[in-house]
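Novice: Per TrEMBL, the features are:
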- Lys192: active site, proton acceptor (ACT_SITE)
- Phe15, Arg36, Arg37, Lys109, Ala141, Arg256, Leu277, Glu279: NADPH binding site (BINDING)
- Lys109, Gly137, Lys192, Asp245, Ser255, Arg256, Asn257: sn-glycerol 3-phosphate binding site (BINDING)
- 7-160: domain 'Glycerol-3-phosphate dehydrogenase NAD-dependent N-terminal' (DOMAIN)
- 181-318: domain 'Glycerol-3-phosphate dehydrogenase NAD-dependent C-terminal' (DOMAIN)
Amino acid sequence: MNPRPHVVVVGAGAFGTALATVVAETGESRVTLLARRDETVLDITTHHRNDVALPGIVLSAALEATTDRDILRHAPIVLFAMPSQAQREAARELAPHLMDGATVIVCAKGMEKASGRLLTDVLEEELPRQNIAVLSGPGFAADIARGLPTAMVIAAQTLEQAADLARALSGPTFRLYPSADRIGVQLGGALKNVLAIACGVVEGAGLGDSARAALISRGLAEMSRFVAAHGGDASTVSGLSGLGDLVLTGTSHQSRNLRFGIALGKQGNAHGWPGELVEGAFAAGVASKVAAELGVDMPITDAVAAIVDGKLDLTTAISALMTRPITREF
Ligand SMILES: NC(=O)C1=CN([C@@H]2O[C@H](COP(=O)(O)OP(=O)(O)OC[C@H]3O[C@@H](n4cnc5c(N)ncnc54)[C@H](OP(=O)(O)O)[C@@H]3O)[C@@H](O)[C@H]2O)C=CC1
Ligand SMILES: O=C(CO)COP(=O)(O)O
């Protein structure tokens, strides 16, 4: 791999901007953020800020920004940091601009709602001439962008490819662990969002920290079953993408999924939600549907999907979860 590759990050939201600045700051790569709005490019190039996505945070002076898709032509590493439901559309639009053989890294945490498919499958379908990898794990965009220590996982088709990517993107405050389990890593990220909503519901309804701990561990069991049913390694979700991210977003009020769940737990609905991205609200329904098709038992995910859809009230959901037949833990 070129010692100083050109890295392009697509999606100038909170996570894309954070990844772009932390990688630019290492000085190991030339990094460009591909935005959709001229104002974002102006803010970054003149003030080293993206005040819409990451208010008050000063970005790396080495970070470039543009709205010109031609920037992709010579970029061997491209990060797709737009929300899950925008990944296919973005891939379709950007396909003619991407370099043959480039690695495109899914940085979203979700599944495709319309098809129930994994995001790596979606991108492989849309981008047959590129290699598809996944980046996931515990890390709030604001923490990453501020240079607070963060560890995440990068999964590619082989461990060697993942290790190359980890070396190209890691820096003194941002450490990537390589993995060859793209399925486990991406599903860990998608499902932890659903479980973070569940933790929020528990907190909002005042059900106590013991209930939260039960949700985290039983939620992990659901994740493992779902990953195994997709052909991934069930143990992957005991790592950073899965347990690590669930501990983070199931307990920290920085998490939008947790705060959305708290609103549901307090008022029984999410009326008045400010419109921030809540990936778990998309993932709950699709994961529940796919689990039913695969014959995987996912009671917490099913309950979150039904609560989010307004089809189940909280009291009935808790009672249904607590009165399931007694079975062994594993
Ligand atoms: N925020 C965080 O702490 C973390 C987020 N993630 C994941 O990253 C993903 C994005 O989240 P986040 O950055 O927070 O979301 P934001 O809402 O902050 O930003 C989303 C960005 O995606 C851009 N976008 C949407 N559709 C397209 C498209 N078709 N082409 C190009 N850009 C597009 C939007 O651009 P525009 O401004 O032009 O509308 C917007 O800037 C989610 O899957 C999330 O789970 C993962 C780890 C941490
Ligand atoms: O995934 C995240 C941190 O790892 C961000 O979580 P939220 O999308 O819930 O804010």
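Glycine is no exception: its Cβ is also placed from the backbone N, Cα and C atoms.
TrEMBL does not curate its annotations; it predicts them automatically.
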Novice: In whole Å, how far is Lys192 (active site, proton acceptor) from Arg256 (NADPH binding site) when you measure between their Cα atoms?
Specialist: 12
Novice: Fewest neighbouring Cβ atoms within 10 Å: which of the binding-site residues Ala141, Leu277?
Specialist: Leu277
Novice: For Lys109 (NADPH binding site) and Gly137 (sn-glycerol 3-phosphate binding site), what Cα-Cα distance in Å is obtained after rounding to a whole number?
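Specialist: The separation of the Cα atoms works out to 9 Å.
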Novice: Nearest to Glu279 (NADPH binding site) by Cα distance: which of the recorded positions Gly137, Lys192, Asp245, Asn257 is it?
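Specialist: Answer for the nearest of the recorded positions: Asn257.
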Novice: Please identify, from the binding-site residues Arg36, Lys109, Arg256, the residue with the sparsest Cβ neighbourhood, meaning fewest other Cβ atoms within 10 angstroms.
Specialist: Arg36
Novice: For the domain 'Glycerol-3-phosphate dehydrogenase NAD-dependent N-terminal' (7-160), what's the model's average pLDDT?
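Specialist: Reported value for the domain 'Glycerol-3-phosphate dehydrogenase NAD-dependent N-terminal' (7-160) is a mean pLDDT of 98.
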Novice: If I restrict to non-local contacts, at least six residues apart, and a C-beta distance under 8 angstroms, what lies near Lys192 (active site, proton acceptor) in its own chain?
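Specialist: When sequence neighbours closer than 6 are ignored, Lys192 (active site, proton acceptor) has Lys109, Gly219, Met223, Ser241, Gly242, Asp245, Leu246, Thr249, Gly250 within Cβ distance under 8 Å.
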Novice: Cα distance, Asn257 (sn-glycerol 3-phosphate binding site) to Arg37 (NADPH binding site), nearest Å?
Specialist: 26
Novice: Determine, from DSSP, whether Arg37 (NADPH binding site) sits in helix, strand or coil.
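Specialist: Going by the DSSP assignment, Arg37 (NADPH binding site) belongs to neither helix nor strand, so it counts as coil.
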Novice: When you look at Lys109, Gly137, Lys192, Asp245, Ser255, Arg256, Asn257, which the record names as binding sn-glycerol 3-phosphate, what is the longest CA to CA distance in angstrom?
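Specialist: Binding-site diameter by Cα atoms for sn-glycerol 3-phosphate: 15 Å.
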